[in-house]
Amino acid sequence: MDVNPTLLFLKVPAQNAISTTFPYTGDPPYSHGTGTGYTMDTVNRTHQYSEKGKWTTNTETGAPQLNPIDGPLPEDNEPSGYAQTDCVLEAMAFLEESHPGIFENSCLETMEVVQQTRVDKLTQGRQTYDWTLNRNQPAATALANTIEVFRSNGLTANESGRLIDFLKDVMDSMDKEEMEITTHFQRKRRVRDNMTKKMVTQRTIGKKKQRLNKKGYLIRALTLNTMTKDAERGKLKRRAIATPGMQIRGFVYFVETLARSICEKLEQSGLPVGGNEKKAKLANVVRKMMTNSQDTELSFTITGDNTKWNENQNPRMFLAMITYITRNQPEWFRNVLSIAPIMFSNKMARLGKGYMFESKSMKLRTQIPAEMLANIDLKYFNESTRKKIEKIRPLLIDGTASLSPGMMMGMFNMLSTVLGVSILNLGQKRYTKTTYWWDGLQSSDDFALIVNAPNHEGIQAGVDRFYRTCKLVGINMSKKKSYINRTGTFEFTSFFYRYGFVANFSMELPSFGVSGINESADMSIGVTVIKNNMINNDLGPATAQMALQLFIKDYRYTYRCHRGDTQIQTRRSFELKKLWDQTRSKAGLLVSDGGPNLYNIRNLHIPEVCLKWELMDEDYQGRLCNPLNPFVSHKEIESINNAVVMPAHGPAKSMEYDAVATTHSWIPKRNRSILNTSQRGILEDEQMYQKCCNLFEKFFPSSSYRRPVGISSMVEAMVSRARIDARIDFESGRIKKEEFSEIMKICCTIEELRRQK
């Protein structure tokens, strides 16, 4: 039977058809090889946008620096970073005038945060540049290494556990004439294997002490490591992103806390809220503009795109903003907040791994590390790479490039949003002093501009004025990529607005399916995704029911756990049939044990174990929830876990799901091959730190403590806690005298060992 596709849309309003335009099936592209070329592109482009600025040399590091601020005025059409300080300050002043007390209140909120934040805040976040090893590491390890090095160099303010005290150490470290660090290295030896009599390569991991002079240390402290951004759809070229080191992170965190607090109070800001809350906030602004444009006014909306937002931003502008925002605050607070932009004005971009060369004739491959790019003969490179290297050479120091202008991706999202909103704020009639006026939405580099005026000429004049005002603070609206429409239809941060925000359900499609973590988590994530889409994305009941059935089918095929009474033969079917036959209450079996599916769209919020608990045989309950099961290495039991789900557009989202720990919540073991590489020493450090943390949590069962940082302080805490507990237990008769003295002896031994070390 032929179906006429137009029939499908007879009852559907046009805006709902957006889900049928979904282009993103299949996997997104990932980057391979090094990001060195992309990073050089970024550095060269950033300097090109500011090329008419003034060159100076940093007295400490000798790095050449370009300062475009308060230089030439920007030109029409060409993107540039020529911001004017007085324009930025004036925009800030007007923002404060239309929001009385906003800066004052945000400063007070931030001051409280600054005094209360613990160092362990910095353990959040994924890969971080670890300056001690000069490469990326998980955040917790990078922090532990930094603190360990600080302490061995006599910087101990961090022992209080407050982030602000750790930052005091960072400041002191920059005044030191030298810093001593421990690095990992590996030796390779060719030895004969006794068994096979063949020659094999033996690797040994060593640690060695290394001294960094002031210049060397400062360069590392100011370095942002770069990587290639993965999984970007709809782009032909990859681009570089940056990960700052621990010295910068803490300062950035406080600046962003202040900016976040300001953004929360600005109705035009699309940050820091998300999802439905964001849609509601933005819909308000649109409603305001539409109701105000009575019959006499026209209203148009620009779906905006800025050219190279962060390469034209300038840390010096951010410094000016912070200086203004905090102008009546205590000196210490102003100093803490101004350090991040100052560090960014002096930042160095690490060029990554370097280039890989291969000779087809000799079947040889060799890596040219970034450090060698400064003086290698350029005849080996192709034309475009040669140009890049020639351009970047004057900026190179030790494999890093001096990059004073520009912000690198994703660093000051909140603060740059404040800057954007301050220009939107200037669109009020009392500031434009003419018949046109504007308002809009800003979320990091994405914006939507709504202009109202009595006629088309007025609209054009308003857009022009907005465009030029933006230029003066280093924001470059792209005329090529922005488009204008009657208000009521526009796109902003991948939300499509047509008389209200349209649910674009197809964006969520990639996150449906089986995640592949383990049987327990996958079931939970799968039903949670369906539940969330019913709440947020207009997923109707019939479609949801179908999605659920497809998910269960997918799940059973993934884990080969078809129902016990099925005819499908898999590797597991023999065992599952046996279980099915000996189970009295078959409804109680989990789907992953060949049980039936009891989920429907009404009970998606209940974890499967809870849903079936009353239906389970007693011995099945005992096997399922058995922490002593030797075949399962358990995660610590938490009621809520976080999964990373990939929407089609935008960053991977973190999604909470209920985690009931059972024998199905297994964790796959770590790949062995890492143990033969130079990472091994680092891995061992990480495992030791992890073990120490786990032990620490056994000692302090209350949830009130915050995990301390660095191994040494934990050991002290545990020893003193052990002594106190032992004394209490001994005096109340819970332990014998022999046990008590043995505990005391162990504590003394530990302290003795620490003294010798």
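Cβ from N, Cα, C; glycine included.
Annotation comment: Swiss-Prot describes 55-64 as compositional bias 'Polar residues'. Taken from Swiss-Prot, the feature domain 'RdRp catalytic' applies to 286-483. Taken from Swiss-Prot, the feature region 'Disordered' covers 50-82. As annotated by Swiss-Prot, region 'Promoter-binding site' applies to 249-256. Taken from Swiss-Prot, the feature motif 'Nuclear localization signal' covers 187-195, 203-216, and the record attributes it to sequence analysis.
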Long-range Cβ neighbours of the motif 'Nuclear localization signal' (187-195) (under 8 Å; 6 or more residues past either end): 201-204, 206
Number of helical, extended and coil residues in the motif 'Nuclear localization signal' (187-195), per DSSP: 0 helix, 6 strand, 3 coil
Helix-strand-coil residue split for the region 'Disordered' (50-82), DSSP-based: 0 helix, 8 strand, 25 coil
Mean predicted confidence [pLDDT] for the domain 'RdRp catalytic' (286-483): 94
